[in-house]
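Student: Here's the feature list from TrEMBL:
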BINDING   B:CYS348, B:CYS408, B:CYS411  [4Fe-4S] cluster binding site
Amino acid sequence: MYCAPSDKEEPMEKFTKLTGTAAPMPLVNIDTDMIIPKVFLKSIQRTGFGKNLFDEMRYNRDGSEIPDFVLNKPQYRDAEILVAGDNFGCGSSREHAPWALKDFGIKCVISTSFADIFYNNCFKNGILPIVLPQEDVDKLMDDAERGANAKLTIDLENQTIQGPDGGTITFEVDAFKKHCLMEGLDDIGLTMAKEASIDSFEAKAAQERPWV
Amino acid sequence: MSPKTLYDKIWDAHVAHEAEDGTSLLYIDRHLVHEVTSPQAFEGLRMAGRKVRAPEKTIAVPDHNVPTTPDRVNGIDNPESRIQVEALDKNAKEFGVHYYPVSDVRQGIVHIVGPEQGWTLPGMTVVCGDSHTATHGAFGALAHGIGTSEVEHVLATQTLIQKKSKNMKVEITGKLRPGVTAKDITLSVIGETGTAGGTGYVIEYCGEAIRDLSMEGRMTVCNMAIEGGARAGLIAPDETTFTYIKGRPHAPKGAQWEAALTWWKTLFSDDDAHWDKVITIKGEDIAPVVTWGTSPEDVLPITAKVPAPEDFKGGKVDAAKRSLDYMGLKPGQPLTEIEIDTVFIGSCTNGRIEDLRAAAEILKGKKIKDGMRAMVVPGSGLVRAQAEEEGLADIFKEAGFEWRMAGCSMCLAMNPDQLSEGERCASTSNRNFEGRQGYKGRTHLVSPAMAAAAAVTGHLTDVREMM
Ligand code: SF4
């Protein structure tokens with residue numbers, strides 16, 4: 001298995017190790033409309049969505065901040081990790097959701113489960129989604145509640161999360177996705193290198209299913 | 001040969017390359033494109049000097065933020081929406097893909113246009129940068145939503161990097177009771193599994209109640225597979241499917257039709273195929289349902305009462321509290337006492353001709369409640385034309401409904417059709433998320449017949465009392 005280097009305008013950032021503040025969002029079923037309300041989907045760019053991340057939870061109608069919202073609290077304004085309730089990212093396929101998280105500075109989301117499409121979209125944007133059992137998420141949620149003094153260290157290579165009091169949790173991640181994230185690789189280049197397989201598949205399919 | 005599920009069969013017929021760890025390149029037969037999730041993908045192609053590998057398999061149509069008033073052919077007022085639609089016009093032309101612009105009578109919601117034009121066929125792989133791509137599974141096509149990076153990937157390579165999902169069988173046995181529709185089936189399944197219950201699975205819906213559904217009904221069921229967390233929903237093709245497809249503009253003809261039919265008839269799950277999960281629901285146990293909260297899993301029979309947060313466990317307790325607060329509801333309140341301000345009939349879930357017929361059936365000779373705002377947004381220009389021909393449009397208009405042009409409209413409220421703060425809507429769409437239909441708007445998901453009933457009485461209503 002090998003990967004071709006990225007040739008997008010901005011090569012994808014590599015993810016290896018991250019030490020940062022984790023913000024707690026215990027709510028379950030945080031959906032893509034909460035992450036980035038659709039009124040902000042009208043851009044034809046990939047950047048600039050960070051200021052509207054969690055917009056309806058984060059701001060009053062007049063644009064002022066809702067002080068109680070976790071990312072508005074001083075200790076979480078620079079959070080790079082989210083610890084969230086079950087089924088994070090459910091709803092739409094919009095990649096604007098990971099774009100907004102990334103633009104804000106979130107590089108890792110931890111939950112007991114993620115919606116499929118969102119989970120995939122994260123990897124394509126250099127964000128690491130981590131699935132853990134409930135007890136582990138509860139523990140990290142506790143850590144996150146302690147604010148900026150409680151940084152987590154995510155080590156992708158060794159697949160570990162180190163909490164502020166030294167405890168270590170290990171996590172699973174698909175080997176191929178891990179590799180691409182660590183190397184900052186672009187899928188399209190990778191697939192284009194397999195063009196011969198696509199050509200021969202196409203030729204065979206045209207014989208077998210000419211109506212397609 | 002070992003027994004296979006329908007999903008296994010379609011998957012196996014589309015693997016162009018498989019790595020040792022099972023990561024596969026899945027060949028894509030149809031790529032549907034709309035204005036919101038594609039501009040960044042086309043821009044990516046342009047930057048890298050790439051072209052669309054198979055423009056003849058790529059179909060584009062603007063739907064998400066097009067206005068639904070007739071004056072829209074004169075241009076879109078909202079500058080950002082206009083930029084997105086214009087970008088699609090330009091990209092479709094530049095890259096040479098099939099295109100149905102706003103001015104074309106065939107324009108409509110991408111998931112309605114695809115099947116209507118015969119682009120969606122059994123055994124195909126179909127993708128679109130939209131989660132409700134699951135709709136096309138009704139034809140026995142493996143169809144799922146993808147993100148914009150994947151849209152770009154499919155445009156450039158006509159493949160998708162995938163790992164195989166698990167197989168789930170959802171069987172709906174027996175007959176449905178009167179007043180119970182495909183929408184009630186699909187919502188009830190989500191009520192049973194939860195919105196994450198299908199995560200990691202492709203669902204195949206089967207059983208007598210599913211077989212009995214029309215293609216329109218089957219599309220409604222598969223449409224919401226994603227709301228149950230599944231990657232895709234499937235229904236094995238049968239005579240109902242073949243009859244629907246035959247003669248559509250892009251359906252195979254002549255000898256190709258016969259060849260296609262022969263293959264399509266092999267597309268079913270073998271008797272002793274392996275399932276990772278099986279759910280069985282009795283058709284006669286399904287009631288007309290509504291949602292009370294802000295997740296599609298917050299579903300109850302219309303005869304029930306608003307639940308209390310304490311009825312739930314774990315993180316759902318807080319979520320239910322938040323939902324009730326957002327929805328402005330009190331535990332113990334009968335669902336039928338919830339008063340409605342607005343009714344929306346449309347979306348890729350329920351914007352097809354059969355849906356309009358079901359709603360019109362209830363509305364015939366009746367008026368909507370005074371002060372009620374009610375609109376019908378047909379799923380495509382052709383659905384609209386057919387409804388006009390059948391006299392349905394007149395029934396809606398006489399009842400007091402607005403009769404709109406095709407598009408997504410208030411399903412996601414990216415165009416001017418939005419709820420205002422606190423406005424409460426009975427909607428035939430698929431998502432009741434906070435703010436989905438407008439900032440602080442409140443959504444109750446229902447079937448078209450239930451929506452029509454609510455429009456008449458002014459509150460959520462058991463449609464069976466009006467039949
Ligand atoms: S009708 Fe609604 S759910 Fe369907 S494609 Fe449009 S916005 Fe998405």
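Backbone N, Cα and C define each Cβ position, glycine as well.
These numbers come from a predicted model, not from an experiment.
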Student: Other residues with Cβ within 8 Å of the Cβ centroid of B:CYS348, B:CYS408, B:CYS411 at the [4Fe-4S] cluster site?
Tutor: B:ASP63, B:HIS64, B:ILE109, B:HIS111, B:HIS132, B:GLY346, B:SER347, B:THR349, B:GLY351, B:GLY379, B:GLY407, B:SER409, B:LEU412, B:SER429, B:ASN430
Student: For B:CYS411 ([4Fe-4S] cluster binding site), what is the secondary structure by DSSP, using just helix, strand and coil?
Tutor: helix
Student: Could you tell me which three-state DSSP class B:CYS348 ([4Fe-4S] cluster binding site) falls into?
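Tutor: Going by the DSSP assignment, B:CYS348 ([4Fe-4S] cluster binding site) falls within a helical segment, counted as helix.
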Student: Near B:CYS411 ([4Fe-4S] cluster binding site), which residues of its own chain have a C-beta under 8 A away, given they sit six or more steps off in sequence?
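Tutor: Counting only residues 6 or more apart in sequence, the Cβ neighbours of B:CYS411 ([4Fe-4S] cluster binding site) under 8 Å are B:PHE344, B:GLY346, B:SER347, B:CYS348, B:THR349, B:SER427, B:SER429, B:ASN430, B:ARG431, B:GLN437.
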